[in-house]
Amino acid sequence: MPLDAAPVDPASRGPVSAFEPPSSHGADDDDDHRTNASKELFGLKRRVVITGVGVRAPGGNGTRQFWELLTSGRTATRRISFFDPSPYRSQVAAEADFDPVAEGFGPRELDRMDRASQFAVACAREAFAASGLDPDTLDPARVGVSLGSAVAAATSLEREYLLLSDSGRDWEVDAAWLSRHMFDYLVPSVMPAEVAWAVGAEGPVTMVSTGCTSGLDSVGNAVRAIEEGSADVMFAGAADTPITPIVVACFDAIRATTARNDDPEHASRPFDGTRDGFVLAEGAAMFVLEDYDSALARGARIHAEISGYATRCNAYHMTGLKADGREMAETIRVALDESRTDATDIDYINAHGSGTRQNDRHETAAYKRALGEHARRTPVSSIKSMVGHSLGAIGSLEIAACVLALEHGVVPPTANLRTSDPECDLDYVPLEARERKLRSVLTVGSGFGGFQSAMVLRDAETAGAAA
């Protein structure tokens, strides 16, 4: 229910859902919640499933358009149109066709909310509707939000700075020109608060910012919240809209982005021998996560189960990666162990696949270490070849791609992969999507700062068989 809704008489609510025990048994409510929270102590973790998905991405708003783009092998990378990119080394990006008015945002929301927050809320609304949850039967205190972002409200902060400083010419800030919403832009935790407000979540609400693994880690944190019993429903995912002059210049300075400006559509080429950096992008994905038993009891459509998750830091270098892939391999092993999935049962790997020289080399080594010879039999692909790298959001978009791959039995391709690299010698599904029965898939992320995360997802049929 909305946060400002009037209290509802429990007797008038009719049948209750699996998320809210009958109010006439208050003591039993506490017992049920304690039972859920104590399952972990006895090795009976609550299983977590995805029952709703929402996507806003370059080349596609909503899961249908997103999936059509991924399976077509087309790319959404173009010359930057948001501003004149000619002064910059990298002049290409993957911009989303996002109209906040068409999305239903009113004047007050448009005035208050940064573009990244709008993406997150739009995705949360889509996921909520797709989940089939009835807001009137949810206990708001048992609903939470876990949102990730790498640069949060960078778009609005940069705009406000330009206004305050006369485009950088005046270094004295005149408070009279300051937007009354500057606080909303400055404090990253406003983003999950906006989502909580939109969906009526009064449970645990957290902000995750672990660079390019934020989208994986925010969902992983939400899984933990349900497993430990502190929430029954979590809205989880990530949003980033980093296509701004300062962010573009930032990655220019460290030579992380591509300089293939004369061929934007083919600029993002993970694992290709001619790769020269990633393509900056924007996007968001949000999920509704629930306890498996509760989702089953209400007859929900289960898209996938999140059966394992792990994250770690290599404590090595802010941007550098060791060529042997040891730390990422260990992260993968921990996720597989938690999932109780053997390496030989992984049917597809959704790679981080950023398109930088060192990352793709590092990943290839990690898959060989973690999966052994099975790595050579497993298709690996990078959707960044088509939708670019949306920093903190990409991990959630890649989870969405895995969910859709499991449901459709199709592996998305790695676009633009035409030139082999002897150090990247696995099956990277070049150019064309591939039909394949998928039961268990692995998705990984790697971020500046040494963050490395991995997640195992299972299809609904396999999840049911494991019950």
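Just so you know, glycine gets a Cβ as well, placed from its N, Cα and C.
Owing to the predicted nature of the structure, the values given are computational and were not obtained by experimental measurement.
Among the features that Swiss-Prot reports, active site, for beta-ketoacyl synthase activity is placed at Cys212 (among others), with the record citing sequence analysis. Cys212 (active site, for beta-ketoacyl synthase activity) carries a helical DSSP state (H, G or I).
Cβ-based neighbour count (10 Å, all protein chains) for His352 (active site, for beta-ketoacyl synthase activity) stands at 32. Marked as active site, for beta-ketoacyl synthase activity by Swiss-Prot on the basis of sequence analysis: His352 (among others).
If you look up Swiss-Prot, you'll see His389 (among others) marked as active site, for beta-ketoacyl synthase activity, on the strength of sequence analysis. Neighbour density for His389 (active site, for beta-ketoacyl synthase activity): within 10 A of its CB lie 31 other CB atoms from the protein chains shown.
Per Swiss-Prot, domain 'Ketosynthase family 3 (KS3)' is recorded for 45-459, and the stated evidence type is sequence analysis.
What Swiss-Prot lists as region 'Disordered' is 1-35.
Here the CA atom of His352 (active site, for beta-ketoacyl synthase activity) lies 9 Å from the CA atom of His389 (active site, for beta-ketoacyl synthase activity). His389 (active site, for beta-ketoacyl synthase activity) carries a strand DSSP state (E or B). Of all the Cβ atoms in the protein chains shown, 28 others lie within 10 Å of the Cβ of Cys212 (active site, for beta-ketoacyl synthase activity).
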